[in-house]
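What TrEMBL annotates here:
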- TYR50: active site, proton donor (ACT_SITE)
- HIS106: substrate binding site (BINDING)
- 17-280: domain 'NADP-dependent oxidoreductase' (DOMAIN)
- LYS75: site 'Lowers pKa of active site Tyr' (SITE)
Amino acid sequence: MLPDYFTLVNGQKVPSVGLGTWQLEGGKGYSAIKHALQNGYKMLDCAFAYYNQEVVGRAIKDSGIAREEIFLVDKLANTWHSAAEKNLELTLKSLGVEYLDLWLMHWPSPLNHHGNDPKTPKLADGSVDFEKDWDYVKTWKSMVELHRNYPEKLKSIGVANFGVKELEAIIEATGVVPVVNQVELHPSCNQQQLFKFCGDHGIQLVAYSPLGSIGSPLLQNEDLAGIAAKNGVTIPQCLISWGVANGWPVIPRSTSFERIDQNLQLVELSKDDLFEITRIGSQNKHRFVTAPWHSFAEI
Ligand SMILES: NC(=O)c1ccc[n+]([C@@H]2O[C@H](COP(=O)([O-])OP(=O)(O)OC[C@H]3O[C@@H](n4cnc5c(N)ncnc54)[C@H](OP(=O)(O)O)[C@@H]3O)[C@@H](O)[C@H]2O)c1
């Protein structure tokens, strides 16, 4: 049986499947989020940098689902590393909630808080404008302090897009281990080294872009289509089930009610099918999400 939840080291239960909310904006985004909550989703993955927190907040309120029934994840934006407390306040206000279940550092990449763009500030030469005299270790220290000072506002803290190097740096500097590291994770980017490191340190990996994001070639892969057809499901259902079977929560996004519902229906794949999906991915290694403000380690 595939698990409904994964339990973090601090005892929090993270639903196996949540709804990603990147680009879920306006009326369509609102309807998608409300529909998901009213039809079984118990986790929302959100971020200040998605600039849709009011929409998410309204969908939560109008869904009629009690706040404590939802595992609500949000993220500290890159341009707010040096003003983390204010970012948290704004996030809670925009979402219209009293607390977050999990607050993540979105990237280990502090960008100029007073730069020429709220998302990707640039210098005159066109390069990314990083925050001066700041680094992600300082940011983690701020988050640790906020968690200590406001346990009623933050149930737990974690990170996203961290590799082994960055995880080691924040753990060594503070002794505080993030409960979650949310990273790109699907068969073409299966993060085995990071998974092992996180497992050894009590850090739960969470899979973002589990379908390979927009226009994913995984959804056109004929071998995956064969496995899906054999099991009477779709490729996205296979990819989501593969992740949960391997030991991590998965946060697919969709705007379509039908696909939102479909993505919650997992399938118990055989060991051979799971192995085959891993093999297909390792023959087509690819990271779909890249950003000008961060250099990832090789996958
Ligand atoms: N921490 C980070 O830095 C980070 C980075 C990237 C993403 N994330 C999080 O992870 C979430 C998911 O990642 P993502 O949005 O990049 O991509 P994804 O969930 O891997 O893929 C989304 C795409 O797949 C399509 N899709 C979804 N379900 C489908 C189905 N059953 N059949 C066919 N197509 C389907 C969607 O189109 P339709 O809408 O048309 O269905 C959309 O184009 C994000 O929303 C965000 O919350 C976090």
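Backbone N, Cα and C define each Cβ position, glycine as well.
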Give the mean pLDDT for the domain 'NADP-dependent oxidoreductase' (17-280) on the 0 to 100 scale.
98
Same-chain residues at least 6 positions away from LYS75 (site 'Lowers pKa of active site Tyr') with a Cβ under 8 Å from its Cβ, in sequence order, are CYS46, ALA47, PHE48, ALA49, TRP103, LEU104, MET105, HIS106, ALA160
Per DSSP, three-state class assigned to LYS75 (site 'Lowers pKa of active site Tyr')
strand
Which state, by DSSP, holds the residue listed as 'substrate binding site': helix, strand or coil?
coil
With every protein chain in view, how many other Cβ atoms are within 10 Å of the Cβ of HIS106 (substrate binding site)?
22
Cβ neighbours within the same chain of TYR50 (active site, proton donor) - under 8 Å, at least six residues apart:
THR21, TRP22, GLN23, LEU24, GLU25
